[in-house]
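K.L.:
Got a structure here, written out as structure tokens. Questions coming.
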């Protein structure tokens, strides 16, 4: 991970020098290892096909029978994913991981001890069930516990674990190829549980998703988890405060729109329909661009172009997994710097060009038998997979997880997986039959699919970099869907995950002009009234200690008629005891006071904490009518009047900002 992405906000110390972030990222790495079991299976079948002992044990499977041996794994996943999504939403993200471990251990024990072909095949269905539980809960948990600046990279890394498992599987089958008897294939089967077992300590340490806890009404636990794992324990840290506001706001809004989450919601709004299009096509393209042929039938492909040695086939398979891992990790590290669309489009172009060349070389070899032509296919297989790895590996789970809102996130990820599995299930039967029947001519189908992938990504896949999970609503649903508390591209004090400059409020910069510790608890979009009613003022008072200075600036959002305000922000102008009773957005009656009354209350509360209140005039808006600056002075004048009455210091930000704009 690059330091420009993962340094702690407001801190010059690299993340790896903070114990709490080291622990958090160790937990995330442990979750990444769960995807290794899927990658191990994807590679082991290619390796086993090259072993004579396994072929004898399985009665030399070909055609439909070979397709069924591969497909039964995905049948298990097809069964498991819908249930895994429901459990993740109802009982938490970690519960699904523990269930996955149960299936994995059972499958490894039965398959490694199998006495006949049936005993080998049906544990593959159980492996598929384990993969479903890991594949649903793992990406969700990574997205929802990661530090905001780590999230995109951490999430994109999950599927890289596929190639960690594939690499170990490839070299294991290569190492056992000369063993006598069935242990040449039983040992690789037994080692399928290796990496998930090594991940157990980290999984046990991993916290539950704060977003799931908030959705279940357990906000205090969520706050404690965010504080402990992201800032070292300070629950009053701005990062903690603002994440809580954003997450609670987003989840509350989602629940107000729909009383219960269901798959039906995925087609109810234009934004969700676009998400669904992306989700389904991404799953299909992840398996229908030719990779399924290479992954599961690599020995058959190599044989078709003249590479017949078992040693050479296994060595190519093992090194291909190392190659894949390197490119997938490199792409994951660049996911925010380059953007999702850039990676998708580059992926499509590289795969399309390389697969056209593979098809041409395979056809030439089939007609000429020239060894050099056949061998030339091998490097282009590597280039093809480099193209696949830069998008369809890291973004297969990362992209769906970030584009769907919380209430539909587990279901959205499940739809991606189900789309991929249905495509795989079809492919594993058809690929084996087609390769036997028409060999290299079958590749033309995948060229057409690659063209469709390129066009779909160009026209429909949206850029999401620079947004938190909750801010993704703006990308698909418009500005009205923005959650309270956070401006686009930042969280707390400049939590941006790419290097473009963003606007910052003055509360950010004051830290550069004082040796005092600055705790910036400002929230955009709040008035004096809503800041108090939402509990933000109470949080500030809890954090305030004797001897502190509290700078109070309001006014921009107070200047609304409270009798017609739908956002519960408007107050009465001026000072004094005037009130008006309104029906707020919750349907309750509320007594609304003057702007001066709210400021006076805040001053009294701060003094009661033996701290020093300071009033600040609101920064003037940079609005012009011709050559005349439009002034926001009435509420600033009220603040100045209250400061004089209450005998507290007053900072005339209004005058300063007007002078600056006019200069």
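Glycine is treated like the rest: Cβ placed from N, Cα and C.
As the structure is a computational prediction, the values presented were derived from the model and not from experiment.
Feature table excerpt (TrEMBL):
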type	residues	note
TRANSMEM	20-40	transmembrane segment
DOMAIN	27-465	domain 'Major facilitator superfamily (MFS) profile'
TRANSMEM	65-88	transmembrane segment
TRANSMEM	95-114	transmembrane segment
TRANSMEM	120-141	transmembrane segment
TRANSMEM	153-175	transmembrane segment
TRANSMEM	276-302	transmembrane segment
TRANSMEM	314-335	transmembrane segment
TRANSMEM	342-361	transmembrane segment
TRANSMEM	373-392	transmembrane segment
TRANSMEM	413-434	transmembrane segment
TRANSMEM	440-461	transmembrane segment
K.L.:
Counting only CB pairs under 8 A, let me know which of 20-40, 120-141, 373-392, 440-461 has the most with the transmembrane segment (413-434).
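P.N.:
That would be 120-141.
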K.L.:
Please figure out which one of 20-40, 120-141, 153-175, 314-335, 440-461 racks up the most CB pairs under 8 Å against the transmembrane segment (95-114).
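P.N.:
By the under-8 Å Cβ criterion, the transmembrane segment (95-114) pairs most with 120-141.
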K.L.:
Have the transmembrane segment (314-335) and the transmembrane segment (440-461) got at least three CB pairs under 8 Å, pairs 6 or more apart in sequence?
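P.N.:
Checked: the transmembrane segment (314-335) vs the transmembrane segment (440-461), no contact.
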K.L.:
Do at least three C-beta pairs under 8 angstroms join the transmembrane segment (20-40) to the transmembrane segment (120-141), pairs 6 or more apart in sequence?
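P.N.:
Taking Cβ pairs at least 6 residues apart, the transmembrane segment (120-141) and the transmembrane segment (20-40) are in contact, with 3 or more under 8 Å.
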K.L.:
Who are the chain neighbours of the transmembrane segment (120-141) in space, where the CB to CB distance is under 8 Å and they lie at least 6 residues beyond its ends?
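P.N.:
Result: 31-32, 34-35, 37-38, 41, 57-58, 68-69, 72-81, 83-85, 88, 93-97, 99-104, 106-108, 110-111, 114, 155, 158, 192, 196, 206, 209, 397-398, 401, 409-410, 413-414, 417.
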